[in-house]
Amino acid sequence: MLVADTTKSESKTPRRTGVRKSRAATAAAAATAPPVVAETEVLTSSEPVAVEPVTPPAAAASEPSVAEPPAAEAPVPESPVAVAEPAPPEPVAVEPPSEPVEEPVVVEKPKNPSPRTANRRIEPKVVDEDVFGAGVIEELHPDPEPVAAAPAPEPEPAPVPPPPPAPPARRIITLPPRRPVSPDGPATGAATPPSPPRPIIYRRPPEEMGDRGPGDASLDRPAVPRPSPTGGPVDPNEYGFDAETNSRYEEIKRGSTYITQLQQMTLAQLQKAAREDNIVREEWAGLKKQDLIFRILKERVKQNGLMFGEGTLEVLPDGFGFLRSPDYNYLPCPDDIYISPSQIRRFGLRTGSVVAGQIRPPKENERYFALLRVEAINYQDPELLTQKAVFDDLTPLHPNERLKLEADPDELNMRVMDLITPIGKGQRGLIVAPPRTGKTVLLQKMANSIIRNHPECYVIVLLIDERPEEVTDMIRTVKGPKVEVVSSTFDEPTARHVQVAEMVIDKAKRLVEYGTDVVILLDSITRLARAYNTEIPTSGKILSGGLDANALQKPKRFFGAARNIEEGGSLTILATALIDTGSKMDDVIFEEFKGTGNMEVHLDRRLVDRRIYPAIDVNASGTRKEDLLRSEEELRLVDILHKVVSDMHPVQAMELMLKQLGKHKTNTEFLASATMN
């Protein structure tokens, strides 16, 4: 072992001049010991270091020195490199591996390495091919795997040179992380078949992934289509069910489980429906109409599983709301539909919005139906609500589109109003009437004329503090697809008068925001002001007649909401004001509203005493800016008419007009041919 130590010291440390051994002593020691071939260490410095064996001169002359080529670890280049193995002239000490492996080749180090070699860090290094001239040379073949990339445009075809001859024997080694290739390469002279192209895979960038991982499958799901408004085409996937369930859901919306249809039935019809549904008699006998509807709906939802509801939203101070029915005059009922605060905030719902959608029956400890899905708001797509401006931000204009009241040649009441006081969309009209002058009948005929001539208008008849028989007569007289008759009779508390009026005006504002033309016929604004005077807290400032100074603020807001909107839509309010009732408060209320309207119709009691209808005072009635509603020729003829009747008594003027109108079928013929003396 002395020779091995000497070999290390001579190979690693420089020889000193002062300390040298004689060559004779070295040759004698080498003669007794067998020749030692030092193993080669794999160093990753700038160049591989080879250790020369120490042999006697005679042995060195007789046996050639076999220098073991340094086996360096293959580096990890950008692309794999092919390795070629020419047959060495002499057997080498380290045999190459029989098959390729992913791990780098480890060469055994000397048993007793020097401290410098043991502490040196081995790092990968790019191998220079010129270093290995006589040893085993491994050359990596550039055969990279196809990488997913965007397809490039194909270049024009060019002549392909003949492929170079394949090496006689080649072994393919693919370093990690590349997949190892089988060592059985193609035969000599055979061309390597091209690899098939891989599909291009698109990966979402991290900023689009949000908090989800790249493997979240929900990102690849198609977006759920939003439901279309009520009455629109049915999409098979519209409600998230299969086609059969969707078809049944559409039938339910139009059929027996539609809550609005049940609310329009009479009590006898509801009792018959309860018997047909096999409901036990003890469960529905003696129930009120609203409670009976609630029981029928619970029974039918067990059979169908789906329900559809619609109503006008009333948001309560606690944040949640209920869908009220106009058939019950927006009274709180057991069959009202509950809307959670989260749904109200999500869609930006406000009081007065007409909401329709899928509902569910009440669960345990619940008393109301609940809304599951909002399908329509104000009869349109729910997403349109965010695109609509608030009513107070809309631009008011003078009425410039006329509401034609003339419909039937025999209906002289409306023909007279068309001549004396034309009405436009957005009109704020006041009908000043003493008691028993036919104001309610006049409102009925106006409503029917608007429904007939202008089906695009939404008509609401609001009766405040009215007689119950008048309400029934109005409901049976005024009918249409876009008509509501809402009432609060005189036997109800004043809080009901205020609640009904606010629900109606809020609903009208929401419809106007969607571009709808709304007409409200109010009877009467005097009684509405009386209700507000009772409900508001007293301010200590009392006007004549016992009217609080702040009592007329909200009635004026109600009446002042009438306007023509530049962006589209209009709100027309025609309200009656009572005079000559013997109450000082009624006279004060009329005086407060006298200058707020842009159209006034005065009814005269003297005409009623003579049984002349309509009892309109021709000279006291009129419309502001009527030139925007009439043509130039019509305006000229109407001016002539007013000049003729201006000096006449109201009774004589109305008798003359009715006589001449009866001779002509239309007002145009009357203005063109009538001659008055």
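Glycine is no exception: its Cβ is also placed from the backbone N, Cα and C atoms.
Under the heading region 'Disordered', TrEMBL lists 1-242.
TrEMBL lists 14-23 with the feature compositional bias 'Basic residues'.
According to TrEMBL, the compositional bias 'Low complexity' annotation covers 24-85 (among others).
Residues annotated as compositional bias 'Pro residues' in TrEMBL: 152-168.
Annotated compositional bias 'Low complexity' per TrEMBL: 182-192 (among others), in sequence order.
The compositional bias 'Basic and acidic residues' annotation in TrEMBL covers 204-214.
Summarised as a single figure, the pLDDT of the domain 'Rho RNA-BD' (306-381) averages 88. Annotation comment: TrEMBL describes 306-381 as domain 'Rho RNA-BD'.
Mapped onto three states, the DSSP output places GLY438 (ATP binding site) in coil. The Cβ of GLY438 (ATP binding site) has 18 other Cβ atoms within 10 Å, all protein chains considered. What TrEMBL lists as ATP binding site is GLY424, LYS425, GLY426, GLN427, ARG428, GLY429, ARG436, THR437, GLY438, LYS439, THR440, VAL441, ARG467.
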GLY424, GLY426 as binding-site residues, winner by CB count within 10 A: GLY426
Among ARG428, ARG436, ARG467, the most crowded of the binding-site residues [Cβ within 10 Å]: ARG428
Largest inter-residue Cα distance among GLY424, LYS425, GLY426, GLN427, ARG428, GLY429, ARG436, THR437, GLY438, LYS439, THR440, VAL441, ARG467 [record-listed ATP binders, Å]: 30
